[in-house]
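Enquirer: In case it's useful when we look at the structure, here is the feature table from Swiss-Prot:
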type    : residues                                               : note
BINDING : Gly110, Thr111, Asn112, Gly113, Lys114, Thr115, Thr116 : ATP binding site
MOD_RES : Lys219                                                 : N6-carboxylysine
BINDING : Arg378, Asp402, Asn403, Pro404, Arg405, Gly452, Glu456 : meso-2,6-diaminopimelate binding site
MOTIF   : 402-405                                                : motif 'Meso-diaminopimelate recognition motif'
Amino acid sequence: MKLKKIIGDVKYELICGDLNVEIDNLNYDSRKVNEKGLFFCIEGYTSDGHDFIDKAVEKGADVIVCTKVPKKLPNCTVVKVEDGRKAMAVMGANFYDNPSHKLKLIGITGTNGKTTSTYMMKSMLESSGYKVGLIGTIANYIGDKKIESHRTTPESLELQKLFSDMVHDKIDYCVMEVSSHSLYLDRVYGIVFEEGIFTNLTQDHLDFHKTFENYYKAKMILFKNSKRSIINIDDKYGERVFKDAGNDKITYGLTEKADLKAENLKMTSRGTEFDLCYRGLREHVKINIPGKYNVYNALGSVAACLNEGISIEKVKDGLNKLSSVPGRCEIVTHNTNLDFDVVLDYAHTPDGLEKVLKASREFTKGRLISVFGCGGDRDKTKRPIMGEIGSKLSDIAVITSDNPRSENPEEIIKDIVQGIKTDNYVIVENRKEAIKKAMLMAKKDDVIVLAGKGHENYQILGDKTIHFDEKEIVSEFIKELF
């Protein structure tokens with residue numbers, strides 16, 4: 001494709017070279033550039049793409065798109081733009097022939113609940129006969145084809161490539177998690193969503209956004225680019241989102257003020273039944289994932305599907321077909337007579353930890369044992385808060401490591417313990433040993449909640465990433481110890 005066509009309506013200044021140059025690959029990583037390549041110089045937080053212009057040209061870049069003109073011009077076309085990330089998003093869309101225009105997109109944002117909601121919507125839409133793509137934290141899907149996910153919302157170039165592959169495979173809908181990072185960093189710039197869903201807003205990512213207000217403003221970008229907004233009105237930020245979202249709006253929740261609500265909840269360890277009420281409609285609904293917070297996830301997902309014309313029968317069928325979501329309040333299954341349960345959950349925020357522990361308490365006949373830590377090189381202010389929540393809502397809390405990254409695990413644990421006001425906790429720094437300790441402590445009818453890793457099958461220790469799959473570890477200990 002000619003550079004001129006790729007640029008499209010992006011404002012630019014041609015520093016040198018020719019707009020008629022032929023391009024067949026776009027990259028922001030100089031190591032991945034090939035012949036006839038275009039290289040975007042993106043300024044990151046630890047490196048600046050402008051420092052890699054020479055390497056990109058060596059690899060075959062015929063075009064450099066920059067925001068700062070290099071002192072020594074390379075022997076290729078150089079185009080200067082005002083905003084590198086916005087230009088990359090628009091040019092990426094142009095290069096792949098604007099694939100998002102050929103899909104119906106449903107975006108979901110919020111601190112917690114995004115992953116489960118996308119799985120619910122995928123199941124409901126597929127029950128109605130649609131081919132559905134999914135983009136999110138656990139994995140990306142093009143129909144049934146699973147593709148590894150490296151971040152919740154991909155960079156704009158990878159995102160447009162995914163959309164293009166979905167169009168090629170005749171996908172009708174794409175349901176996607178839209179992270180605050182992706183909104184702030186313009187990964188979804190220029191994309192229009194049929195439905196934008198707000199789940200909740202609680203403390204997370206303040207290492208990146210610095211203030212809660214910045215975090216809120218980043219989330220709100222989704223609703224400026226959605227035709228309709230679906231808002232959890234029970235969340236403390238729900239009213240504000242409702243006021244700030246200027247498009248067609250539907251609210252959901254468990255209170256009377258919600259447009260779409262759930263009543264008469266009956267919760268067990270294997271799921272929840274409730275009455276769905278919406279505009280004179282009352283239907284009995286069953287979901288196979290436990291916890292009141294998953295009722296909220298179901299309500300937002302149902303609202304989106306009803307908005308899209310999916311019948312209530314297909315909605316119920318889709319929810320019933322979804323047996324579980326990996327690492328989301330997932331009870332580890334086994335073929336033994338183990339008399340306690342082990343629950344895996346990705347909860348890595350104060351709100352997430354509180355919700356999974358409260359949900360687990362609902363079906364715990366014995367003691368509730370939690371195992372959790374906090375990630376290194378991330379928001380430190382949430383550590384003592386999680387310590388307080390974990391110890392207060394558990395009968396026994398086992399404080400351990402999560403992904404320490406470059407931080408000393410002992411220091412992270414000290415930060416967590418600062419928030420603990422009780423003595424019902426033990427410290428076991430090694431996470432595998434912490435799981436073993438919890439399982440050895442467990443008695444009949446106890447429930448162990450392993451919080452923080454969920455679907456992840458790795459642990460980051462320093463600069464090393466090791467294999468660490470909690471489902472495998474629990475199964476291994478069941479065979480070894482019981």
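Yeah, the Cβs are placed from backbone N, Cα and C, and that goes for glycine too.
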Enquirer: As a test of reading the model: what is the averaged pLDDT for the motif 'Meso-diaminopimelate recognition motif' (402-405)?
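Expert: Averaged over the motif 'Meso-diaminopimelate recognition motif' (402-405), per-residue pLDDT gives 97.
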Enquirer: Could you put numbers on the helix, strand and coil content of the motif 'Meso-diaminopimelate recognition motif' (402-405), residue by residue per DSSP?
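Expert: Across the motif 'Meso-diaminopimelate recognition motif' (402-405), DSSP assigns the residues as follows: 0 helix, 1 strand, 3 coil.
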Enquirer: Which residue, out of the binding-site residues Asp402, Glu456, shows the minimum number of other Cβ atoms inside 10 Å of its Cβ in this structure?
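Expert: Checked Asp402, Glu456; of these binding-site residues, fewest Cβ neighbours within 10 Å: Glu456.
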Enquirer: Select the closest residue to Asp402 (meso-2,6-diaminopimelate binding site) from the following recorded positions, measuring between CA atoms: Gly110, Asn112, Lys114, Lys219.
Expert: Asn112
Enquirer: Cα-Cα separation of Arg405 (meso-2,6-diaminopimelate binding site) and Lys114 (ATP binding site), in Å?
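Expert: The separation of the Cα atoms works out to 25 Å.
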Enquirer: Nearest to Asn403 (meso-2,6-diaminopimelate binding site) by Cα, among Thr111, Thr116, Lys219 (recorded positions)?
Expert: Thr111
Enquirer: Looking at the recorded positions listed here (Lys219, Arg378, Pro404, Glu456), whose Cα lies nearest to that of Gly113 (ATP binding site)?
Expert: Lys219
Enquirer: Do you see any of the recorded positions Lys219, Arg378, Pro404, Gly452, Glu456 whose C-alpha is within 10 Å of Thr111 (ATP binding site), and which ones?
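Expert: The recorded positions close to Thr111 (ATP binding site) (Cα within 10 Å), listed in sequence order, are Lys219.
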Enquirer: What does DSSP assign Thr115 (ATP binding site), in three states?
Expert: helix
Enquirer: Reported as an integer number of Å, what is the Cα distance between Glu456 (meso-2,6-diaminopimelate binding site) and Thr115 (ATP binding site)?
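Expert: With the alpha carbons as reference points, the distance is 13 Å.
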